[in-house]
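*Asks:* What TrEMBL records for this protein is below:
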COMPBIAS  1-11  compositional bias 'Basic and acidic residues'
COMPBIAS  12-37  compositional bias 'Pro residues'
COMPBIAS  226-235  compositional bias 'Basic and acidic residues'
DOMAIN    318-449  domain 'Oxidoreductase molybdopterin-binding'
REGION    1-39  region 'Disordered'
REGION    226-247  region 'Disordered'
TRANSMEM  50-77  transmembrane segment
TRANSMEM  114-135  transmembrane segment
TRANSMEM  156-180  transmembrane segment
TRANSMEM  192-214  transmembrane segment
TRANSMEM  255-275  transmembrane segment
Amino acid sequence: MEPSNHEDEPPRPAAPRGPAGPPPSPPSPAGPPPGPARPEFWRSPLRGPWLTSVFGLILLVGGTVLFVTGLLSYAAYNPDLAPGNDQTPGKGWLGFYLFPWPTSPYWLYRLTQGIHVTLGVVLIPVLLAKLWSVIPKLFSWPPLRSPSQALERLSLLLLVGGALFEFVTGVLNIQLHYIFPGSFYTLHFYGAWVFIGAFLVHIAFRIPVMARALRSRRLRTELRTPVSRTEREPLDDTGLVTPHPAPPTMSRRGALGLVGAGSLGLLLVMAGQSIGGSLRRTALLAPHGQEPGHGPNGFQINKTAASVGIRARDVGPDWRLVVRGDGRSRTWTRAQLLALPQHTAALPIACVEGWSTEDQQWTGVRLADLAALAGFGPRPPGVFVESAQRSGAFRSTQLRDNQVRDARSLLALRVNGADLSLDHGYPARIIVPANPGVHNTKWVTRLTFGATG
Ligand SMILES: Nc1nc2c(c(=O)[nH]1)N[C@H]1C(S)=C(S)[C@@H](COP(=O)(O)O)O[C@H]1N2
Ligand SMILES: [Mo]
């Protein structure tokens, strides 16, 4: 196409002349309004591409680990197995990667979920520092310069919003603060996909900038620089470096140290809840208030019997277990179950909230043996487990065939040599290796092999 010829343009109307008087002041250049939109409003000499990139690199690695361990936790719930296991029925292809969650190694969920929750909390100071380091960009002027810049800002909104949403819902959940307008599980799941989409876009655009910025300074040199000698960042086009730096109150070393100390402190008060045992006492941030006491049943309790409405008569002498399968149904008393071959397995409870117990010695009847008594051969199907609890998402669960077949999977009657306590699921509970805590149903009343609930 030919470029348009300016001579062909119609003549412009002459500018209107104002009434006689003082000449109009020259139009001010379209600058930002006073305040945070002005580059000189932000004065920390530490802001610049290097510091932002250091935090960015940590979040790049950490965010990826959080996303992967989060997807693993999702898979561990076996949501594709039965509607009852699935709190995200609308997930569609977002469940493309689901696979049958294994039972070995038996500590798998303890590890992946311990990492997910501990790392998530430990990264909070880094996330805040990263947001602090880029805050001038939030106010950049003009707010919308071009369609592509508008698109980029939208992706940043989703990135920052998604990250904050995931951290806030995650922290509220591990503090057992269920104040969400929906299921935590559903919100955290969809939030993660919004976050990861924006994360990938952000990485694609910023990795070259990050790589260049990281090469601009040597970490080792920065870590040796005392406060007084903090070198200024050269002005550049990233919009992060202030043109009017205030004198430094802290060096880059100080900033990194502060964030590092914050993360380390959080690690120290978090890790104990995932390691369990006596280290749990160091887990100052773990929810407290339902201390499990001492003795064989003296380990962490998630929901007490009273809190989910288990009545004395549900679990008293009239309690029966109904086992159904292949056309048969049989009712068992606890004494009859105790007369069957008893097996012991050393397994932890590992909750989605990141806490776990050390291995406990569970004793009871193998799920595979109960399947055989219900008429199934050496390769039994999965089982639908129901409890005496009348309502709530965790009153029942669907276990997969690989979980039933594992010789360590038990209908436990005893733990650490004593009868189960009421709060740990007396008269009988499920315990399966590598199973998320929530699927180790307590106060079991019915097992239906070969059916999905
Ligand atoms: N019936 C029933 N079983 C349940 C629950 C429940 O609320 N109801 N909570 C589950 C959760 S979330 C966890 S982490 C484990 C905890 O087992 P514990 O309290 O014996 O440590 O029990 C699971 N079994
Ligand atoms: Mo749990």
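Each residue, glycine too, has its Cβ placed from N, Cα and C.
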*Asks:* Could you tell me how many residues in the region 'Disordered' (226-247) are helical, how many are strand and how many are coil under DSSP?
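*Replies:* Per DSSP, the residues of the region 'Disordered' (226-247) fall into 3 helix, 0 strand, 19 coil.
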*Asks:* Could you tell me whether the transmembrane segment (156-180) and the transmembrane segment (192-214) are in contact, taking contact to mean 3+ Cβ pairs under 8 Å with a sequence separation of 6 or more?
*Replies:* yes
*Asks:* Out of 114-135, 156-180, 255-275, what stretch is closest in contact terms to the transmembrane segment (50-77), meaning most Cβ pairs under 8 angstroms?
*Replies:* 114-135
